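Chemist: Please find one structure pasted underneath; my questions will follow.
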Amino acid sequence: MTSCHITEEPIKKIAIFGGTHGNELTGVFLVKHWLENDAEIQRSGLEVKPFITNPRAVKKCTRYIDCDLNRVFDLENLGKKMSEDLPYEVKRAQEINHLFGPKNSEDSYDIIFDLHNTTSNMGCTLILEDSRNDFLIQMFHYIKTSLAPLPCYVYLIEHPSLQYATTRSVAKYPVGIEVGPQPQGVLRADILDQMRKMIKHALDFIYQFNEGKEFPPCAIEVYKIMEKVDYPRNENGEIAAIIHPNLQDQDWKPLHPGDPTFVTLDGKTILLGGNCTVYPVFVNEAAYYEKKEAFAKTTKVTLNAKSICSSGKE
């Protein structure tokens, strides 16, 4: 008998999504490569399916056609009656839910890795949706350890109002992978190499888990979302100040009350308010101008996971 926290079943079905946003090219490029030659992502006993999630947006090299695919996987949109009037991405979400779900069901894929790029200086980032998920905390710990000394950050988006219905949330274990900085519509070899390594280590972890390896208790440091900060705006709702040079490219670095955050065109500096140190992420992200988000404030939290092993091997 082992002392580990036993999961019921080994992992069987995995999908790797690229092109959820059609102008984030690393995931598009890797998934297209793996559709032609999947040798590097296959592991014994696993079904690993690469998939282009938003092909029309990929073809146009744009984030989306009608609306953000990575925000419409709520049960209301997934349950809408199919019609010509539905936005393309809502129709596509229903197709993806049919292929890889249904969401919140026993039949859904075990894991979906959703590959993204950011224009922000966030390096290798894993996005976690559930702070109580021992399996994913263990996986993220393994990926972080395997990538070292290259930093890998964990962004926890668990929040009563700020958490959103992601494409990957169809799976039992959703994993967001975000690597930057990379401009939209551009490929960088260093960013591609980092994302490729993250997927490799994740698949290695799953294979070892299925083979019966016990992973002892572990802890990881994560950055939990607190709030999103908009740009200062004038009475017409237009941006009135831009990210201050001291904040630009300083994702994950401590930002203290009184530190410069924005600067106006006439040179006025706007300082961070509040009474606590925060850690900014998605600083000056290009795709978030339309979402009125200059950066997100996070706080550092430590998550602990119990030991885990698969019940699949005796």
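Glycine residues also receive a Cβ, built from the backbone N, Cα and C atoms like all the rest.
Just so you know, TrEMBL annotations never went through curation; they're auto-generated.
Taken from TrEMBL, the feature active site, proton donor/acceptor covers E178. Residues or ranges marked as Zn(2+) binding site by TrEMBL: H21, E24, H116. Residues annotated as N-acetyl-L-aspartate binding site in TrEMBL: R63, E178, Y288. The substrate binding site feature in TrEMBL is assigned to N70, R71, Y164, A165, T166, T167, R168. Under the heading domain 'Succinylglutamate desuccinylase/Aspartoacylase catalytic', TrEMBL lists 11-206. The domain 'AstE/AspA barrel-sandwich hybrid' annotation in TrEMBL covers 219-299.
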Chemist: Whole-number answer please: how many Å between the C-alpha atoms of H21 (Zn(2+) binding site) and R168 (substrate binding site)?
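Modeler: Spelling it out, the Cα of H21 (Zn(2+) binding site) and the Cα of R168 (substrate binding site) are 13 Å apart.
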Chemist: Taking 8 Å from the centroid of the Cβ atoms of R63, E178, Y288 as the cut-off, which other residues in that chain fall inside it around the N-acetyl-L-aspartate site?
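Modeler: Apart from R63, E178, Y288, the close residues are H21, E24, H116, N117, T118, T119, F282, E285, A286, A287.
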Chemist: Take the domain 'AstE/AspA barrel-sandwich hybrid' (219-299) and count its residues per DSSP category (helix H/G/I, strand E/B, coil), listing them in that order.
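Modeler: So the domain 'AstE/AspA barrel-sandwich hybrid' (219-299) is made up of 3 helix, 34 strand, 44 coil.
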Chemist: With the cut-off set at 10 Å between Cβ atoms, which of these recorded positions ends up with the most neighbours? Options: E24, E178.
Modeler: E24
Chemist: If we count other C-beta atoms within 10 Å, could you say which of the binding-site residues Y164, Y288 has the fewest?
Modeler: Y164
Chemist: Record lists R63, E178, Y288 as binding N-acetyl-L-aspartate; longest Cα-Cα distance in Å?
Modeler: 15
Chemist: Cβ within 8 angstroms of the Cβ centroid of H21, E24, H116: which residues besides those meet this for the Zn(2+) site?
Modeler: G19, T20, N23, G27, R63, N70, L115, N117, T118, E178, A287
Chemist: Mind giving me a neighbour count for T166 (substrate binding site)? Other Cβ atoms within 10 Å of its Cβ, every protein chain shown.
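Modeler: T166 (substrate binding site): 22 neighbouring Cβ atoms within 10 Å.
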Chemist: Which one is it, among the recorded positions R63, R71, Y164, E178, that lies nearest to H116 (Zn(2+) binding site) by Cα separation?
Modeler: E178
Chemist: As a test of the contact definition, list every same-chain residue at least 6 positions from R168 (substrate binding site) whose Cβ is closer than 8 Å to its Cβ.
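Modeler: The answer is F17, I112, F113, D114, P174, V175, G176.
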Chemist: At a 10 Å cut-off from the C-beta of N70 (substrate binding site), count the other C-beta atoms across all protein chains.
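Modeler: Cβ-Cβ neighbours of N70 (substrate binding site) within 10 Å number 25.
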